[in-house]
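The following features are taken from Swiss-Prot:
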type: COMPBIAS; residues: 122-147; note: compositional bias 'Low complexity'
type: DOMAIN; residues: 39-112; note: domain 'H15'
type: MOD_RES; residues: S2; note: phosphoserine
type: MOD_RES; residues: S2; note: N-acetylserine
type: MOD_RES; residues: S12; note: phosphoserine
type: MOD_RES; residues: K17; note: N6-acetyllysine
type: MOD_RES; residues: K37; note: N6-(beta-hydroxybutyryl)lysine
type: MOD_RES; residues: S44; note: phosphoserine
type: MOD_RES; residues: K55; note: N6-(beta-hydroxybutyryl)lysine
type: MOD_RES; residues: R57; note: citrulline
type: MOD_RES; residues: K93; note: N6-(beta-hydroxybutyryl)lysine
type: MOD_RES; residues: S107; note: phosphoserine
type: MOD_RES; residues: K109; note: N6-(beta-hydroxybutyryl)lysine
type: MOD_RES; residues: T204; note: phosphothreonine
type: REGION; residues: 1-43; note: region 'Disordered'
type: REGION; residues: 94-215; note: region 'Disordered'
Amino acid sequence: MSETVPPAPAASAAPEKPLAGKKAKKPAKAAAASKKKPAGPSVSELIVQAASSSKERGGVSLAALKKALAAAGYDVEKNNSRIKLGIKSLVSKGTLVQTKGTGASGSFKLNKKASSVETKPGASKVATKTKATGASKKLKKATGASKKSVKTPKKAKKPAATRKSSKNPKKPKTVKPKKVAKSPAKAKAVKPKAAKARVTKPKTAKPKKAAPKKK
């Protein structure tokens with residue numbers, strides 16, 4: 001009797017496990033990225049808002065800024081160093097003016113000139129874009145006109161015609177002086193004939209008839 005060999009088991013479920021592990025890592029990265037992004041405005045924006053809302057002439061103190069940030073829902077105790085860094089950066093940029101104290105400690109006031117520039121960034125960008133587009137259109141028109149002006153003189157160049165016109169005026173110059181030289185000789189020969197005719201014909205005096213005497 002012949003012995004039957006059992007078939008080898010197929011490895012089907014083995015490659016599926018690492019794929020499942022890779023898929024599980026992607027949502028974890030997305031969750032970490034979502035945690036890193038802070039919700040709401042940044043520290044510098046909150047400081048600017050607090051300084052603009054205050055009505056004190058001498059400026060807002062650091063304690064007053066911290067109170068305003070805490071009221072807005074910002075964790076002041078954990079982010080104390082960030083608040084100080086934000087104040088220093090705003091002072092260096094010119095958005096805040098330090099009226100009292102040095103460094104992060106003291107009182108600060110909002111710079112009106114810097115705030116007006118920051119509130120209108122879109123308008124300045126639109127103005128610069130319109131100026132750039134207008135200048136580019138003018139440059140395109142100028143380049144098109146220059147190309148046309150360069151092409152036109154090529155058609156106007158005709159060296160053969162200019163050479164022919166320069167040769168033609170030489171011929172009449174040689175012919176004209178001969179005719180002028182002949183005409184005065186004829187006029188001089190005619191004048192002495194008229195003088196001879198006047199000399200050869202002297203006028204003779206006719207005798208007057210005597211009147212008859214009356215009886």
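Placed from the backbone N, Cα and C atoms, the Cβ positions cover glycine too.
Locations of recorded Swiss-Prot features on the structure.
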residue : record                         : DSSP class
S44     : phosphoserine                  : helix
K55     : N6-(beta-hydroxybutyryl)lysine : coil
K93     : N6-(beta-hydroxybutyryl)lysine : helix
S107    : phosphoserine                  : strand
Modified residues near K109 (N6-(beta-hydroxybutyryl)lysine), in sequence order, restricted to S44, R57, K93 and a 10 Å Cα cut-off: R57
Segment confidence, the domain 'H15' (39-112), expressed as mean pLDDT: 79
Tertiary neighbours of S107 (phosphoserine) (same chain, Cβ under 8 Å, six or more apart): E56, G58, G59, V60, S61, L62, Q98, T99, K100, G101
Position of peak Cβ density within 10 Å, selected from the modified residues K55, K93, K109: K109
Residue from K55, R57, K93 whose C-alpha is spatially nearest that of S44 (phosphoserine), among the modified residues: K93
Cα separation, K55 (N6-(beta-hydroxybutyryl)lysine) to K93 (N6-(beta-hydroxybutyryl)lysine) (Å, whole number): 22
